Amino acid sequence: MDSYGDELESRPPKVYDEDHLGVEIPETAHQISTDSWFQVGFVLTTGINSAYVLGYSGTIMVPLGWIFGVVGLIFATAISLYANSLIAKLHEFGGKRHIRYRDLAGFIYGKKAYNLTWGLQYINLFMINTGYIILAGSALKAVYVLFRDDGLMKLPYCIAIAGFVCALFAIGIPHLSALRIWLGFSTFFSLVYIIAAFALSLRDGIKAPERDYSIPGTTTSKIFTTIGAAANLVFAFNTGMLPEIQATVRKPVVGNMMKALYFQFTAGVLPMYAVTFIGYWAYGSSTSTYLLNSVNGPVWIKAAANISAFLQTVIALHIFASPMYEYVDTKFGIKGSALAINNLAFRIVVRGGYLTINTLVAALLPFLGDFMSLTGAISTFPLTFILANHMYLVAKKNKLTSLQKLWHWINVCFFGFMSLAAAVSALRLIAVDSKTYHVFADI
């Protein structure tokens with residue numbers, strides 16, 4: 001992180017007028033400016049409709065209920081589109097393309113902010129990837145239980161297998177733009193488990209007696225779970241790595257990124273809405289945090305849905321791990337053919353090692369809902385809402401009216417409070433679950 005150098009320390013604290021400067025592109029070992037807005041839109045949609053959507057009925061709707069759950073999801077969609085658009089519009093601020101979130105923060109605030117943002121982003125992406133490995137392991141175990149419910153295949157074993165497959169995929173795909181055809185596979189896999197979960201939930205809901213939609217728990221626990229669910233709401237829509245994704249889009253980078261964001265937050269959210277609402281409607285407050293564990297139906301459909309969830313998770317994880325891969329590849333000067341022996345060996349050691357640590361943490365603490373809440377609290381809130389509003393406020397302060405400045409400050413303060421409250425709530429949930437389940441638990 002210290003590689004940002006003395007340049008930031010010596011830079012005068014002034015606001016740059018980006019409208020009158022040429023655009024400088026920083027050095028990177030990965031491809032940039034090659035993808036259409038439609039491909040980038042699919043990258044964003046892959047994240048929003050990952051297998052995490054199978055948990056939202058249980059982790060968002062159950063703690064919030066119908067009214068606050070529906071309103072919360074719609075509000076989170078709108079505010080997330082707004083916050084992401086602020087970051088997208090700063091991509092060429094000051095005459096330089098900011099292809100990394102930390103670069104943008106460092107350019108606006110200085111070196112300390114660069115390091116802090118990189119730390120927050122690393123935590124955010126590490127925890128998202130840990131959650132993905134938990135998801136992939138849960139999907140594998142669900143497939144096994146469908147055919148042999150003998151208790152031999154424990155969740156930690158499935159998580160280890162999932163981590164190994166994710167590492168193989170990471171070694172084979174050198175950078176984010178190289179996903180290309182895999183995004184098509186990802187969309188297909190998403191449709192399989194979303195349609196299966198929707199259809200089976202609808203079938204169960206039609207046949208089932210009246211459901212209980214009351215929010216479970218004591219008054220105290222309801223307060224904490226509600227705050228945690230609010231963190232899950234923002235986790236659902238945000239990547240914490242928008243500049244890294246925007247770096248891959250063709251010029252004009254701001255206009256094309258806005259198209260990709262509009263695609264993500266209109267057509268892209270519909271499948272997620274559908275499966276989240278139908279799952280809660282069908283099973284009420286007893287909805288599982290992994291919806292495919294609640295549904296009833298033909299074994300082959302449930303098996304296909306779980307296998308699709310596993311495979312899509314492998315692809316989605318690669319998206320959220322790519323900033324770390326880009327950092328080490330650029331730092332160590334990895335260039336040339338992805339199949340060159342030196343480059344291949346480097347990916348095996350570095351990416352394999354990174355995902356080994358992810359997998360170990362996932363197996364140690366396989367509490368998926370808690371990871372979502374904690375990630376939303378300590379990194380998604382600051383990266384997506386607090387920093388986005390404050391960076392835009394600093395960068396554009398000479399062009400904003402007093403009312404606009406007040407609006408951004410209200411956002412900074414509100415989401416700062418929510419971040420602190422959600423962090424406390426998530427840590428409490430992890431402490432409670434750690435007492436209920438031992439490490440390497442077979443949930």
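Cβ coordinates come from backbone N, Cα and C, glycine included.
Source: prediction; values computed, not measured.
Quick look at what TrEMBL annotates:
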DOMAIN    34-426  domain 'Amino acid transporter transmembrane'
TRANSMEM  36-55  transmembrane segment
TRANSMEM  62-83  transmembrane segment
TRANSMEM  122-143  transmembrane segment
TRANSMEM  155-175  transmembrane segment
TRANSMEM  181-202  transmembrane segment
TRANSMEM  260-283  transmembrane segment
TRANSMEM  303-323  transmembrane segment
TRANSMEM  344-365  transmembrane segment
TRANSMEM  371-394  transmembrane segment
TRANSMEM  406-431  transmembrane segment
Checklist entry - Should the transmembrane segment (155-175) and the transmembrane segment (303-323) be scored as in contact, given a threshold of at least 3 Cβ pairs under 8 Å and pairs 6 or more apart? => result yes
Item to check | Winner by Cβ pairs under 8 Å against the transmembrane segment (122-143), considering only 181-202, 260-283, 344-365, 406-431 | outcome: 344-365
Checklist entry - Are the transmembrane segment (62-83) and the transmembrane segment (260-283) near each other by the rule of at least 3 C-beta pairs under 8 angstroms (pairs 6 or more apart)? => result yes
Checklist entry - For the transmembrane segment (303-323), which stretch among 62-83, 181-202, 344-365, 371-394, 406-431 has the most Cβ pairs under 8 A? => result 181-202
Checklist entry - By Cβ distance under 8 Å, which residues at least 6 away from the ends of the transmembrane segment (62-83) in the same chain are close to it? => result 213-216, 222, 225-226, 228-230, 233-234, 236-238, 261-262, 265, 269, 273, 276-277, 280, 285, 287, 384-385, 388-389, 411
